[in-house]
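Everything below concerns the one structure shown next.
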Amino acid sequence: RLHEEDDEILGVLSLVFWTLTLIPLCKYIIFVLGADDNGEGFPEGGLIPAGGTFALYSLLCRRAKLGLLSASDASDDDISAYNSGLPRKETVASSILKEFFDKYHSSRIVLLLLVLLGTSMVIGDGILTPSMSVLSAVNGIRIKAPSLHENYTVFIAGVILVGLFALQHFGTRNVGYLFAPILLAWLFCISVIGVYNTIYWNPHVVSALSPYYVYNFFKKAGKDGWSSLGGIVLCITGAEAMFADLGHFSQLSIRIAFTVIVYPCLVLAYMGEAAYLSKHKEDLQKSFYKAIPEVVFWPVFIIATLATMVGSQAIISGTFSVISQCRALKCFPRVKVVHTSNHIHGQIYIPEVNWILMLLCLAVLVGYRDTDTIGNAYGLAVITVMLVTTCLMFLVIVMVWKRNILGALAFVIVFGSVELFYFSACLAKVHKGGWFPLILSLILLSTMCIWHYGTLKKQAYELNNRVCLDMLLSMGTNLGINRVPGIGLIYSNVATGVPPMFAHFVTNFPAFHRILVFVTVQSLTVPKVPANQRFVISRIGPPEFCLFQCVVRYGYKDQRNDTHDFENHLIETVSEFLRNGNNDGEAFRWETTNQQQSSPSDDVTASSFENVVSSESSKKTVRFRGVGCSKELEDLREARESGLAYMMGSTCVLACDTSSYLKKFAINIVYGFLRQNCRHPAIALGVPHTSLIEVGMVYRV
């Protein structure tokens, strides 16, 4: 609406300034970035953190033991990289909260649902940000060509979006060299134009930095002022992407870039636009492009369009990171994760997610066509993520950092009250486009919850129906089990004992390999597991049975080795286990591939042979050094030469006949559909198809 006075314009400028200062600068840059899930090893010696709502949740799972996820995973207390700091003393508040979560199991479920809600909204951002950003930039054409039909601007925006998603497979590192100059040029342009407009049109707008103008704005605008918050909130979109992108960029680089460059440039740009509007109130709906001087309009338009691609790239890469974390922690169906950088393991690309995001972005673009309607949906998604982050930060401050609860309450009151104010205004616009992120997040939330629920039920069945070793051995005498040459790797989720799938196989086909290794792959709630702590080996039964248990531990941002590397490392670990004489069932952790643990008796008992075995399918070498256990090492060498086979269960998970209709729908239909259409476990683990044995079995959960 048109107003004679400048109070509304100065009030909105003051709101924008203080919102930018409080949320992105104070909350995210100062506090939230410090709550990264610390610890991706970096070749140059630094640390690459893991960000996003799941990073906060993994901190709470690991340090405060609050999650449902950690209940089904192995303990990661011995991962030294994440326990190097001295533990803080428990406070009264942290003890009370911990007791509450221990007493009420439903509170852990609510916490997980809250995290998945925030994650769903981040994925929604990955759909809305590119559509909103690119369309708003392309709409600048209509300033110079008012008669141009909106179909043309929508078509141009669609072409740009397709090109943007097509670039994703090159990875952040490669396209970053192109994007950095674009973004710097963009920030330089808007800041210089902002300074020019402020000086030329109305230097008095500098006074709007006073919070008095916020009070004056609401005093004069009333309910209309509150309603406008649903649009003002768009000035802080992208703050959540900064946190989610930890892993693509370091914590320090984000802090320096935002504080020194981005924040001051944005403030100057908004001040310049407000100065122009104070003298041209009739241009209220298209003030950004109208405020650009005629001489530089087209260069700025081109840079603006390219810059929207950079902003979209940030949230798309953040979406990849969040989905990868969900997948590793059993909250998202298996998808292909491609690591696009050899130096920064957090830089990833997920092909299936990339193309689905592109199709949804185009659907939003064609369906809405209007930046105002998309903005209503966009604002609600963004502010919901920020509210979830504030709630999780309260728990991190009290239960992980062990700080005074008054400081945590101050954090929630200061930032949470501002976000709730914006959230209420965004909710009022649900019927004007805000329904889209709600429906989308509901679908994603349901998918992740059902996948997690089904996975836990499947693992619980395997744990409850695992076979005792004595029973298996007694079966061997009755069934006349034969041992064939070679090594068999039996994959299961059972970390101790014999999985039901293997017992089912033996009863129907009484033969298995001379050496058996039961392999359990576990995803821990840490970003990365050091290579020297990845394998944990133990023996099952007497030495003459040649049965071993191997737990392979990965962090949720770890890159899985290829099959040949994995085979060689596993066999090297078993040989080290035998060489060190671990025959009493004690667990052994593989330290390094080449390092040998020496003892005073090595010179006396060391065997004189050193066998080098090369697999026909791999040029890499595995070395066996015998120290007293030469017979078992010789058997291992011969078995390796005979061949290596993988065995996995091809299970069908069904709800019991007595289960409720809701559970049958979730397990039989939704979970079954997701399992059939996601990546096969053998492909996800890199198991070669020619060496795979699948055992069919029905699980009634």
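Keep in mind that glycine also has a Cβ here, set from the backbone N, Cα and C atoms.
Note that TrEMBL annotation is computational and uncurated.
Range 41-60 is the one annotated as transmembrane segment, of 41-60, 201-220, 461-480, 641-660 (source: TrEMBL). Taking pairs at least six residues apart, the transmembrane segment (109-132) and the transmembrane segment (405-423) share fewer than three Cβ pairs below 8 Å and do not count as touching. With a cut-off of 8 Å on Cβ pairs spaced 6 or more residues apart, the transmembrane segment (378-398) and the transmembrane segment (296-323) reach fewer than 3 such pairs and are scored as not touching. The transmembrane segment (344-366) makes contact with the transmembrane segment (152-170), as judged by at least three Cβ pairs under 8 Å among residues 6 or more apart in sequence. In terms of C-beta pairs under 8 Å, the stretch of 12-35, 152-170, 296-323, 405-423 lying closest in packing to the transmembrane segment (256-276) is 12-35. Beyond the transmembrane segment (12-35), the same-chain residues lying 6 or more positions past its ends with a Cβ under 8 Å from any Cβ of the stretch are 49, 51, 55-56, 59, 205, 208-214, 217, 228-229, 232-233, 235-236, 238-239, 242-243, 246, 251, 254-255, 258-259, 263, 266-267, 270-271, 274, 386, 389-390, 393, 396, 400, 411, 414-415, 418-419, 422.
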